[in-house]
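Asks: Would you mind keeping the following structure in view while I ask a few things?
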Amino acid sequence: MLESLNRRNSIDSNQADNDNDNDNHSNDELSPSELYYSPSGSPPKSQLLLRKSSSPSSYSPIKSDLPNIYSHLRSNDSESPPQPSPKQQSSLSSSSSSSSSSNTKSSTTKNIFKKLLRINKSSDNIDESRSIVSNNGGSPMSDSTTVTSTLSTDTAPKRGKSIQRSQILHHTDSDSLYLENQIELRPEISKSIGNIKIPSIFTNDGMPLLKISHKSKKRILFWIDPSCFKFSWRMANSTTTTTSATTSATTSGLPQGITNTTALSNSAIISTPAIATSAIHRLSITNRTTHEFVLDDIKSIYIQNEGSGYREELNISQKLEKNWITIIYFNHKKNSLKSLHLITDNDHDFKKLISAIYNLKQLRSQLAKEFLIDLNELDENYVKMLLNKELLAGDNGNVDGNEVDIRKSHKHVREFLSFNDILKYSKRLNINVNTNHLQQIFDQVLLLSSATTEKPVSTPLFEKGLNFEQFKQFVSILKDRKDLQEIWDSLAQGKEVLQFDEIKNFIINIQKENFSDDDDNSTINLIFQKYCSNDNGWNKESLNEYLLSSYSTPYREITQTQTNYYDYPLNEYFISSSHNTYLTGRQVAGDSSVEGYIRTLQRGCRCVEIDIWNGDSNTTTTTVIGTKDDDDKNEYEPIVNHGRTFTKPISFANVIRAIKKFAFIVSPWPLILSLEIHCSPECQIKVVNILKDILGENMIIAPIDIDSVILPSPAELKHKFIIKVKKTTSFQNLIETENGSFTTSTTTTTTTTTTTTTATSLSEDNENNKSNSSSTSSFIIRRRKNKSPKIINELSNLGIYTQGIKFRNFSLPESKTFNHCFSLGEKSINRMIKDDDKKISLDKHNRRYLMRVYPSGTRLKSSNFNPLPYWSHGVQMVATNWQTYDLGQQLNEALFENKIFQGYVLKPSVLRKPTLKSSSSNVDTRTSLTTTNSKTIRFNFEIISGHQLPKFPKDDYKDQAINPYISFEIIGAQDVQWDNNDSSPIAPTTSSSPFIRTTKIIRENGFNPNFNTKFSGSIITTTNDLIFIKFVVYASTSLNYPDYGENFPIAILVTKLNYLKQGYRYIYLNDLLGEQLVYSSIFIKIEYDEDLLNEFINK
């Protein structure tokens, strides 16, 4: 994501040491280089995109952000600790000469734990963090110290840049205010206790930023609360204080480079570093409304040129691109994705903000993996260094020595974690468990300790608590995996480790992994050696690490034996398609934005829709900040909009630039641009020029094989743009080819087909207008029916392989041209499916030619239809509203799972092979095929457990532990015959989901609930194999049965059955908008008949 940080993270370690030695200045004066570090030594990703990986080669769903947050907390040291650097050894040598005499391991652990407790004094309350004042002035504390992180990898430690941690906050159990001196910590310690430094401006006054939207440009103050990973901002006002007799005439308070302030209100003006300091401008809050989101809500971030599509859409000058930040996040109150476009005042502020976000993300991932490290893994030198770096300051703010007299300083040093500390850790890590359960574990550890050697700690000021060894016991009990233990017991049969042959049997016979080309067992041996323990075999932890790794991904991939998968003609594929791609909300009053194109392309969409209209000649171009082009007219400039509705237009040129930029990042296969032309001939000329200028040689403007009468394959059109546009030439000179298709002769006549259009029906097939216009919402601005503009030849001729023609009849010669494409509304195709004769013709047509189906214009809220009936009849492009994550879109994304197909799915052979001619025209070939060739598929699914499930979506229950249960649904089958088991079916929620069963409710445990519920039976299906599995995680207000309370869906996963591998698998879940929940997963066992895979493998 943050590609621009790569070079900043490459600063050498010597420079890092110099920065750390000169770290006494204020955070606001820090050098930008001090704000960046890379915990792994590798450059960060190009996008902070919290979705599943789109690349098959890079897909590692659980390896990077593991729900098993305690995987690194071990009781025994299993690896040799890294050795300190020469400089560290020198520091240790000098410090050890003045250290105390106690060097035993037990006292060492206690003292380290004491230091950690003093460090961990951050609050979870953002208001509390701002209320802390210093002793001498009453102003917010701005003095914060630097923790120098020694970055470690798997092989050797590396020195990293200093990172800024938030100011010291009040501890919930003490009135004492602790000050920290500069220390050195290994990053595992700092991160495991949740510490990170950020510039103090984010926790004190807030960073001034310029917020850009379609409606306005406003100044805001931006805060970050690192204790709970929260971002917040408020609108700001400016006040000016004169500090000298000479007052600067400069009034611009905009980011550097902005000279045109006509688009900004007076409240948006503050000073910048470039302005003379004779007048001091300060920001104040204009209202009490606070906008906020947390780190986990962020879906993607675009910085600088990555966000050029948004910047151009908002008419912001390119000179401000270097300070541009776009944050896409989920707004819980509005239950939708929101875009936050920001411009920093200068380069330094930009680096501060980006660094803070990146470091918080790294910390969040680290906390989710580790929670707290095992100090036994620290080498002795690091232990001594920690002991001799005193964390506790005296009353005068100076360090008195290695040991501080608590009675003199009136500071109370704790060597334990209270139960309140445990709750704070749980809240920070989103451990969604009943408080009573945590209390029981807490008391259990205390009881075990009192029965052995140690007694519970108790002081007059603090309640009883756990020392470090006891806390490790607490974590061990909390993370205990009974489900994994049962699997291990069944495999090991009493053994402590498993050897190679046993692991090979597990991988091949239980996990059903296909290693047919691994004759020498080299692949399996590589996996075995990677997770071997010290006993030269696999233990229980080895097994879990393998199940969580990329070697155990739950989804199948195209194997090397399927190298010809993309070599078939385009008409033999299902193609991932979007309807009204430019919309981010409803059809009537939603926003139009390039964001719609960016998001769909990032998810693998291969056919996007662009509705092109004339720009309004009565208005001028929106003022571009930083330019002087205020008087340029927008007449005849093509715009993208949803007709004459309340949606906002966007520039066609900006749309094409954004499409080109993101077109082939996720998928290399051809992208179809479906153009809907509603503009004048003059504007169409500009459309042609824009397409050619921006797309260049990547756009298909001539057949790649002029003699071919079949469509080319995706492999032949790799990285190419295909234009789909209406054909203007009449079909009067068609030549029939040998295979029955028709092609046009070289001589063409130019005529134009005119159609009518209304605001409710703006797509290709206008036959829906009659039925749609009568049901138009009163919210739409009505206009006279005008004839659609004529499509000029220059534009029509760009439709090389996807010529849009109006459907009249399947038997006409124009319906047999190899490169035509029918576009039908859902009402039209539904009528065809109900007619037996038309259904046969529909199936026959779609075996050889292209068709696109789109939702009705009466779906004012951009809802979706069920795409399964249209796929079952071979429709290649079933366009859905991607901005609405309902069942239709869930099925659409499940079919085109990016990790596997990247937007192109080869249709089942039964939908590609030519149909046999029947002696009777009344025979329904599909009905006959379904009756004689149905399949019975045995299945056995076991939902074993869940991990870090989301919290209640309602504010009324947000602080309560959830009562989760999971529904299991089979979609697309003719029938399902369930085996008898303890789970009872519940009534279907929709007509497309007739077969649902549920697990039992687990009381107040969303952290690691064990469901242990099996679902087995037989699926009766046709040979098209369009069978899908849907998991929905619910949070219930009832403790026993769903019918007794409210049930809130909190996570969803829909996948095609034969995409799933068998065996034990971790499956990541999506939120209600289809975005992956990075830390939430379910652990399941999958079994079904191998016969179902034959169609998938042997296509």
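Just so it is clear, glycine is given a Cβ too, placed from its N, Cα and C backbone atoms.
What Swiss-Prot shows for this protein is this:
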type	residues	note
COMPBIAS	43-66	compositional bias 'Low complexity'
COMPBIAS	86-109	compositional bias 'Low complexity'
COMPBIAS	131-141	compositional bias 'Polar residues'
COMPBIAS	142-155	compositional bias 'Low complexity'
DOMAIN	566-726	domain 'PI-PLC X-box'
BINDING	Lys724, Lys726, Ser823, Arg852	substrate binding site
COMPBIAS	743-778	compositional bias 'Low complexity'
DOMAIN	794-912	domain 'PI-PLC Y-box'
DOMAIN	917-1071	domain 'C2'
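For each feature listed, report its degree of burial, its nearest neighbours and the pertinent distances within the displayed model.
Replies: Under DSSP, Arg852 (substrate binding site) is assigned to a strand (E or B) in the three-state scheme.
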Asks: Using Cβ-Cβ distances, find the residues under 8 Å from Lys724 (substrate binding site) that belong to the same chain and are at least 6 apart in sequence, listing them in sequence order.
Replies: Cys607, Ile672, Leu673, Ser674, Leu675, Gly799, Thr802, Gln803, Gly804, Cys821, Arg852
Asks: What does DSSP say about Lys724 (substrate binding site): helix, strand or coil?
Replies: strand
Asks: Whole number in angstrom, please: the longest C-alpha to C-alpha distance across Lys724, Lys726, Ser823, Arg852 for substrate.
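Replies: Taking every pair of listed residues, the largest Cα separation comes to 13 Å.
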Asks: What is the number of other Cβ atoms found within 10 Å of the Cβ of Arg852 (substrate binding site)?
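Replies: Here the count is 27.
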Asks: Where does the mean pLDDT land for the domain 'C2' (917-1071)?
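Replies: Residues in the domain 'C2' (917-1071) carry a mean pLDDT of 78 in this prediction.
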Asks: Taking the Cβ of Ser823 (substrate binding site) as the centre, how many other Cβ atoms fall within a 10 Å radius?
Replies: 27
Asks: In DSSP terms, helix, strand or coil for Ser823 (substrate binding site)?
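Replies: Once the DSSP labels are grouped into three classes, Ser823 (substrate binding site) ends up as strand.
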Asks: Please report the number of other Cβ atoms within 10 Å of the Cβ of Lys726 (substrate binding site).
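Replies: Neighbour count, Cβ to Cβ under the 10 Å cut-off: 23.
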